[in-house]
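Peer 1: My structure is below; once you've seen it, I'll send some questions.
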């Protein structure tokens, strides 16, 4: 496995390759990331991973400065699993050698809802860096996790509408034994918070169970779930029941007709903001 830090070195190593599979990350890798790399290896060769903490997708009061930078540990994990051929680990100057005045803006009806409402500009930052990384790597396939459900949809729609020659593959959310979705930010949790954290996923499962039990009002499903979290001390940003196909709210007819849905939630446990989702 090789590690490169410049776009030129990246392109030199990939010259002539036309089956590249790509996994973009911000580093601080866990088993969820490594699962994406295993899926990438099934769909392309060589596998390229990027490690870059992208300032553009962090808001002014978010955790850009304290986000863990763990490149040596990340490299060791990838070397252990032997799924990755090339790691692209640029610094900020390499990715943004001048002010990034040209940016990729997702449509308001997808980019400004849910995560976009509570993290203004987040998806513009995501789309811009993903577009740049795809231009650098030029993969045939790229793999994203379903844990970031809205991000997956934004990126997939961007690539389709801009006719980028890349297939976006999705990997199911990887979870700990108690159901907590693996996340680089889980390390911020105290011992007591870590014990409480699986409740977020349990709450989403409760939404699916109530719908299966006959509840057809999405607002009622959202309200009960959000209140249950708040009663346990969570600070809830949103609990939303949406259509899987476009993240729009379902109407009553769609609820009764069995429309495929997804429940999405974001809430703070102490100082740590967690997100999760469940298709049903």
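Backbone N, Cα and C atoms are what each Cβ position is placed from, and that goes for glycine too.
Source: prediction; values computed, not measured.
According to Swiss-Prot, the ATP binding site annotation covers 26-33, 145-148, 174, 182-185, on the basis of sequence analysis. Feature annotation from Swiss-Prot assigns active site, proton donor to 33; the stated evidence is sequence analysis. Residues annotated as beta-alanine binding site in Swiss-Prot: 57. According to Swiss-Prot, the (R)-pantoate binding site annotation covers 57, 151, on the basis of sequence analysis.
For each feature listed, report its degree of burial, its nearest neighbours and the pertinent distances within the displayed model.
Peer 2: For residue 33 (active site, proton donor), the same-chain residues that are 6 or more apart in sequence and have a Cβ closer than 8 Å to its Cβ are 23, 25. Look at residue 33 (active site, proton donor): DSSP puts it in a helix.
Close to residue 57 (beta-alanine binding site) in the fold, though at least 6 residues off in sequence, lie 121, 122, 123, 125, 126, 129, each with a CB less than 8 Å from its CB.
In this structure, residue 151 ((R)-pantoate binding site) is part of a helix by DSSP. Of all Cβ atoms in the protein chains displayed, 20 besides its own lie within 10 Å of the Cβ of residue 151 ((R)-pantoate binding site).
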Peer 1: Just the number: how many Å between the Cα atoms of residue 26 (ATP binding site) and residue 151 ((R)-pantoate binding site)?
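Peer 2: Computed Cα spacing between residue 26 (ATP binding site) and residue 151 ((R)-pantoate binding site) is 14 Å.
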Peer 1: Please report the three-state DSSP label of residue 184 (ATP binding site).
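Peer 2: Helix, per DSSP.
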Peer 1: According to DSSP, collapsed to three classes, what secondary structure does residue 146 (ATP binding site) have?
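Peer 2: Reduced to three states, the DSSP call for residue 146 (ATP binding site) is coil.
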Peer 1: How long is the line from the C-alpha of residue 174 (ATP binding site) to the C-alpha of residue 151 ((R)-pantoate binding site), rounded to the nearest angstrom?
Peer 2: 16
Peer 1: Let me spell it out: for each of the binding-site residues (26, 29, 174), count the other Cβ atoms within 10 Å of that residue's Cβ, using every protein chain shown. Which one has the most?
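Peer 2: Neighbour-count leader: 29.
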